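What TrEMBL says about this protein:
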DOMAIN    9-702  domain 'Myosin motor'
BINDING   G102, E103, S104, G105, A106, G107, K108, T109  ATP binding site
REGION    579-601  region 'Actin-binding'
DOMAIN    819-962  domain 'TH1'
Amino acid sequence: MAEHESLEFGKADFVLLDNVSLEEFMANLKLRFEKGRIYTYIGEVVVSVNPYRAMNIYGRDTIEQYKGRELYERPPHLFAIADAAYKAMKRRNKDTCIVISGESGAGKTEASKYIMQYIAAITNPSQRAEVERVKNMLLKSNCVLEAFGNAKTNRNDNSSRFGKYMDINFDFKGDPIGGHINNYLLEKSRVIFQQEGERSFHSFYQLVKGAPDAQLRSLHIQRDPTAYTYIKVGGQIKIVFSILQSSINDSADFKAVTDAMKVIGFTTEEIQTVYKILATILHLGNLKFGSDGDVTLIENSKLVSVLGDLLSTKDENVEKALLYRTVATGRDVIDKQHTHQEASYGRDALAKAIYERLFCWIVGRINDIIEVKNYDARVHGKNTVIGVLDIYGFEIFQNNSFEQFCINYCNEKLQQLFIQLVLKQEQEEYEREGIPWKHIDYFNNQIIVDLVEQQHKGIFAVLDEACMNVGKVTDEMFLQALNGKLAKHAHYTSRKLSPTDKNLEFDRDFRIRHYAGNVAYSVVGFIDKNKDTLFQDFKRLLYNSSNPVLKAMWPEGKLSITEVTKRPLTAATLFKNSMISLVENLARKEPYYVRCIKPNDVKSPLLFEHERCKHQVEYLGLLENVRVRRAGFANRQLYPRFLQRYKMISEFTWPNHDLPSDKEAVKRLLQGCGFEHDVAYGKTKVFIRTPRTIFSLEEQRAEMVKRIVLFLQKVWRGTLARKRYRRMRAAHIIIRAYRRYKVKSYIREVNRRFKNVRGMKDHGKHVKWPTPPKVLRKFEDALRNIYNRWWAWTLIKDLSPEQLVQIRAKVATLECLKGQRADLGLQRAWEGNYLVSKKDSPGTASSFTLVSSDLQRKDKFMRVLFSCNVRKINRFNKAEDRALLITDRHLYKMDPVKQYKPMKSIPLYNVTGVSISPGKDQLVVFHTKDNRDLIVCLQGMVPAGDSRIGELVGTLLSHFKR
């Protein structure tokens, strides 16, 4: 059963319909078409409805979904059938074939392309160059054959006007290594005539519209299709071209076809000859014959030289072949002139014959290139085949002639084979599995096949007999012969046999009751088309061409005029023989079927014409196919596959069973569901009788799948969480170990670098610190501080107390004023009490000493911090010389003129701050609590340039800190 499609899209397999009736079949087909589901199964047959729009269901992603899967595991698709055929060929080493059938416009050609595309996509995984080359040539051959064998009809813009059967050869690994194409009954009458609104073969329009100007000039062709009689007879060609612009691009197609021919392996000369032949046919159509008394003439004789140039032969030989027929009577050879009618007939016959021979040559040339070469089964293993048959479907036109008769006979043969093979497959499967076979009644169309092909009595035999009679034989005489021989046949009638049937014309029409419906055929042209006469003069003309490619197409032209030959086989006999051969070939292979249906005649993606589709369903025998499939058991599956799909339904089979075999497990599962009366057990498969059982199993499975999914989600989420935890924990352990390692490494490195620091001259000041890990940056700062303190201690440990005081003062100055002043006086020794020194005050030092001693006794200070001559500036900007004495208790302003008499005493605890200027003036402001600030400039230094501001500030800071 097809997976992932709910019942809102209808039944994915017609076998699963509740009631097998035409009404239910059509309702399901319509529902699926309207829901965009263009494919539906009948067991292993795909029913395809042409969607008339591009659908995004053929890409690489879709190919991967169907690769290696069973039919019922995915929704219905062409790829499923292609994969089934490929698997049967590769796994079981069996030749298979895919038969694509349906009427014109139903999508057969597109279906064959998609099947080829799928096979190309899934093969050659190792990308071998030779296999890729073969695949490319097989795909490109489609492009060439469509150009020369397809045409625009009123039903289809790209209608195949020939039947095609392609064998693709595979090696033992399943890779394509070559192929072979058979073509059947090209509709060559289309070369000279098309019904209104239709076109001739694409190749003519591609040449006229797409060829370069230089090439057209060499072929004497104008870029105007209306200039050529043969390709403008299908109605208003300009209107047709405007309508086709959206679907056919002749100019682009010309380049694509030419490129494809080069890829396949056609030489430049061969490609040029192909286009010369097309041009020849176009010019032949413009030849006009006239009469001068009893003499037939060519009115536009200039075309004769054009034809001679294109055919690489003499002009006079062309003209003679067109106007005369060479007849041998005993030993005498005479030239018999054509009548106007005979000349026109000969011209048209030549055009048709040349095109048919060209088409067959192209097919043969492709076969020469793609056929398997140098393959030895003993060395390379057996080579297997997949055949793809894309052949015209049943046709019923307003006027049905010889071509439609042959086509419908072909479909009778294929329908007979289809029913026989389906029944045969069913019967063989039942016998293989040990299930009793029940006889199935079906319409056996062997009686219609015999009506057409039976020796001496069939329509083909009567037609051949009429063609062999001496004298003038007409189509009416052929119809009379049919009436005489087939008067009592249940499936044949004519107006003479049914005088009251006014739908048939006297002496013109006969009707056959085909399996697909009644078809009336007009006998007009049957005799001529069956004889397929081409004067020997034309064959000799083309054989004697100096163009080797053209010459090789007409080997029979080498026969001399007087040489007696066997009567050639008629068109009907050739076609009958090819059909018998085709059917025998297909019967030897395992067949797969694609049945194509055309939903409407207006190419609309929305319209589903009920009666139109119903007629196709009837003549394709689809309902009969469903009945055959449903006659015994609607569904059958291998035990392992069945268990794999439904084992979650039963506790005995979930998650795995412990029963003796899969067959026993399936029995236990179905008994638990209560379906044991609706099934049969084969050797390898379980057979289920009614669709209801399948639907019930699917419903139970869908319910269990939800619960299983929830359970799996729970388990999986738990697994993910545990996995995430383990990873986080491992990461944490790793990080911790790494940090520990980095810390130890750093400490060891610091220890190594500073190990002998005590013995160094600078006590390790030059040693570079290692870069710490991030986690130790603060530790490094602390370590550096410890080192710096130790380093400083080593410097100051041997200093005297006086030197230590001075050092502390200098450090305080540096911390406070670094970067504020240029000269802080750090390089010299600080004396502090400069007024005692004879350098600053050589004559008054003794006076200052006496005064300071009196003040020490009076104010009880311990020591002098700083003394210096200053210049005081009062609030009136008046400057006077003074002396400054700072002790550990007071700040004294003295008058040096009056023997250093103290003028002002400020307790140090009243001093709130000191301000200095950044210049060289050595200005100092002492701020006090009573806002009576003292402003002085240090002066009288010896030497004169000494800066004592730093010393003053450092001494005060050091004192206050201590």
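Start at 1 and count along the chain as shown; that gives each residue its number.
Every residue, even glycine, has its Cβ placed from backbone N, Cα and C.
Over all protein chains present, the Cβ of G105 (ATP binding site) has 23 other Cβ atoms lying within 10 Å. Applying an 8 A CB threshold to same-chain residues 6+ apart, the list for S104 (ATP binding site) reads T153, R155, N156, S159, S160, Y392, G393, E395, K598. With respect to Cβ neighbours within 10 Å, the binding-site residues G102, G107 differ, and G107 shows the lowest count.
One way to see the shell of the ATP site is to take the Cβ centroid of G102, E103, S104, G105, A106, G107, K108, T109; the remaining same-chain residues with a Cβ within 8 Å of it are N50, N156, S159, G393, C596, K598.
Under DSSP, the residues of the domain 'TH1' (819-962) split into helix, strand and coil as follows: 34 helix, 50 strand, 60 coil. Cβ neighbours within 10 Å of K108 (ATP binding site), excluding its own Cβ and spanning all shown chains: 27.
Within the set of binding-site residues (E103, A106, T109), the lowest number of other Cβ atoms found within 10 Å of a Cβ is recorded at T109. Helix first, then strand, then coil: DSSP counts for the region 'Actin-binding' (579-601) stand at 9 helix, 8 strand, 6 coil.
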